[in-house]
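Novice: Copied straight from Swiss-Prot:
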DOMAIN    6-196  domain 'DPCK'
BINDING   GLY14, THR15, GLY16, LYS17, SER18, THR19  ATP binding site
Amino acid sequence: MILKNAIALTGGIGTGKSTTLKILESQGYKILDADKIAHQLLQEHRLEIAQRFGSDILEKDILNRKKLGAIVFQNANELKWLEDFLHPLIRECMLKKACELEKNHQAYFLDIPLFFEVGGKKRYPVSRVVLIYAPRALQIERLLERDKLKEAEILQRLACQMDIEQKRAMSDYIIDNSSSLKDLNKQVERFLKTLL
């Protein structure tokens, strides 16, 4: 199966994927969001996950993602367990929804932050991979401001993702988001013209 109308959108934390997705949505493009699906799956499978990580991650029968994150981002084995549990479920859900969107014969986007980490085009047979790029120093600066995390926490989270420069080398198209919102809009427009 090849998803000929699907374009994978990826990037690291703090590169501007969310802003780019808002621009694409405002232009009428359909987006399949791996993170939203992951959040739904975390809730659906919260009891299984709590068996692994302890009932402290549940509050009134709702999984507290911050508490779970505090555990998994400090322990590579626990993060691997969670990813091994979730990623096949996310993929199944994404591909099912993508097959429906293929029927429209129009370009759409799969927002998969960990696209390369989970197997890239072997796991998600898309037509193109677009990277939203910002250099690592800018990622850190944005995360310090946006998420109010300590630099050590940011570095820990960045270490869990493939280096942004590696992703850049593996992508089919780069949207450089190291400047202004106005420039990002121009770059998105330039990319969209390649779809015509």
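Every residue gets a Cβ built from N, Cα and C, even glycine.
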Novice: Could you say whether, by DSSP, THR15 (ATP binding site) belongs to a helix, a strand or a coil region?
Specialist: coil
Novice: Can you name every residue in this chain, apart from GLY14, THR15, GLY16, LYS17, SER18, THR19, with its Cβ inside 8 Å of the center of the Cβ atoms of the recorded ATP site?
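Specialist: So the additional residues around the site are GLY11, ILE13, THR20, ILE132, ALA134, ARG142, ASN177.
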Novice: For LYS17 (ATP binding site), just count the other CB atoms lying within 10 A of its CB, please.
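Specialist: Total other Cβ atoms inside 10 Å, all chains included: 24.
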